[in-house]
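Here is what Swiss-Prot records for this protein:
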type	residues	note
COMPBIAS	306-327	compositional bias 'Basic and acidic residues'
COMPBIAS	431-443	compositional bias 'Polar residues'
REGION	306-348	region 'Disordered'
REGION	430-470	region 'Disordered'
REGION	674-697	region 'Disordered'
REPEAT	495-521	repeat '1'
REPEAT	522-548	repeat '2'
REPEAT	549-575	repeat '3'
REPEAT	576-602	repeat '4'
REPEAT	603-629	repeat '5'
REPEAT	630-656	repeat '6'
REPEAT	657-683	repeat '7'
REPEAT	684-710	repeat '8'
SIGNAL	1-26	signal peptide
Amino acid sequence: MKKQIISLGALAVASSLFTWDNKADAIVTKDYSKESRVNENSKYGTLISDWYLKGRLTSLESQFINALDILETYHYGEKEYKDAKDKLMTRILGEDQYLLERKKVQYEEYKKLYQKYKEENPTSKGLKLKTFDQYTIEDLTMREYNELTESLKSAVKDFEKDVEKIENQHHDLKPFTDEMEEKATSRVDDLANKAYSVYFAFVRDTQHKTEALELKAKVDLVLGDEDKPHRISNERIEKEMIKDLESIIEDFFIETGLNKPGNITSYDSSKHHYKNHSEGFEALVKETREAVANADESWKTKTVKKYGESETKSPVVKEENKVEDPQSPKFDNQQEVKTTAGKAEETTQPVAQPLVKIPQGTITGEIVKGPEYPTMENKTLQGEIVQGPDFPTMEQSGPSLSDNYTQPTTPNPILEGLEGSSSKLEIKPQGTESTLKGIQGESSDIEVKPQATETTEASQYGPRPQFNKTPKYVKYRDAGTGIREYNDGTFGYEARPRFNKPSETNAYNVTTNQDGTVSYGARPTQNKASETNAYNVTTHANGQVSYGARPTQKKPSETNAYNVTTHANGQVSYGARPTYNKPSETNAYNVTTHGNGQVSYGARPTYKKPSKTNAYNVTTHANGQVSYGARPTQNKPSETNAYNVTTHANGQVSYGARPTQNKPSETNAYNVTTHGNGQVSYGARPTYNKPSKTNAYNVTTHADGTATYGPRVTK
């Protein structure tokens, strides 16, 4: 527990040194390129197309982030997990550096092309050279992508196997069930609330205010951030938290010289909130102070940790030439952590040892210019810190990860009392390591410095920073993978849609169906003309697809201006085109329009081409005729549907007469007669005793349903 709290600054470094958007300072490290599992020859394979590359890079980026998130899990901070975490981190850094090297090569080529362009176009001002962090990888082969993906997957699986072995050997690291975790959390919260009761009782007391503020700060460090508290997920974490909280309470009473009561009432916000339940709050303060006043010294023989005897309380020696960690809170006077009473005094009382020990002579050195191309490993904090170049890291669409350590997330509130005997309290924001201030005059700040407890390479992984962008919304969602990218650079995942979810087509024309299967539409054609296939599906120039109308069903027949009639059953019949006394004319497709408006169709020009069957099983014969085969049935038996259409085992289709089912001939409302053999004959359209009528195109419909065409109207 404590080893994680005091090394937050060190743990942040590994997260901030990510390849694709590296604007942070880097630490000089070893070369991880040999750790990559990508074959050297894979870069010579087939390149991923430009329109598909961005989505693959996004998917690959999310894999890196997920792997890092595993390392930042709170309960993996125990020393038993160190080797497994180092192994996984090495693989992550190896694959990350492979991408960095590829990007460096491509960027150098890009600069040469830009220089050549400027020489050929010296007056051009519109095109500017991109910096390295603005430049994105433009060439990646499918083999490289697949090998990177598989490498990260196998690394995570190996880590999970190592974790399982570790937890089998150390039973106190076995994860709690949900019920066990809830009970453990309740026990820890109860003890923390007792500490808060002591804090509220003495924070307005001028004599003991500094110790009360320090008590609150230590409790907050143990519990974690208010918006992301530490999970009590196993037995060891629970025991360490309870021990830490008990020792924090004991430290308060030893440093103040007060006696610890045998029982302290726990703070309950539903009863003791200083604003909403001020009477209950004052009653709790009074009860706690009275319990402390009436307590004896018997508690000193039952302390959680051993306290050494000393005649003088010596303050901690101030450190020189510290390099301030980006996660450490900033204070007015840079005071040391308060571990004893302010003044040295003669006493035989036990001296409280600091919960958070400040390392002597930690991070030192000077800031210098970094190398041209940095690597990514957090080698050690005991060395020279150099300024890294502007090569970008993984976070393409958001700020550098290191930026977040200068702006901590919203902390737990600290209750700051007003001067004198006033009972009003004010809640003010507090940093992760807590800024503890007096009210007026003298400063009693408490600075909790991070400490590097491990100096081996790639062994420190801190909690991932929380982005400070608001509001949070989904920037992009991939329907094929279910991955959501948020505006703050984080990612979310969901299961493939199945069953009651509708089909969904993403920007790449990939459709995820209800059953979770995926179908792929045509790739965008880019500047190709729109094309409609035999199924009335049109692929447009931008790659989008539109579908023709379904049968209208139960709608009345309708004839448009071109004499094309859509019947109630969805069928379409074509009337003669108005000829207006024009002679017969045959167009380029061998379709002849006669003088009476009738149309006859000749064979399509064959141009001596052989028969050809396209991907939709539509065959164009040598004489220009077209036959439509069914979709291949793949060795299925012959099958006849309700319309008497038989699909044979070889995929061919034969059409029988429409079944008449021994019904007599029948004429419908449109004067269309279906005979007993299934044939259909068409009578004249019913006129309903209407007189002859001539429309705007000089076409006259007579009482018997026939039509005559007059000359075109000349204007």
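Cβ coordinates come from backbone N, Cα and C, glycine included.
On a predicted model such as this, the values are computed, not experimentally measured, just so you know.
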Stretch of maximal Cβ-Cβ contact with the repeat '8' (684-710) [cut-off: under 8 Å; candidates 576-602, 603-629, 630-656]: 576-602
Intrachain residues whose Cβ lies under 8 Å of the repeat '6' (630-656), provided they are six or more past its termini: 617
DSSP-derived helix, strand and coil totals, residue by residue, for the repeat '7' (657-683): 0 helix, 8 strand, 19 coil
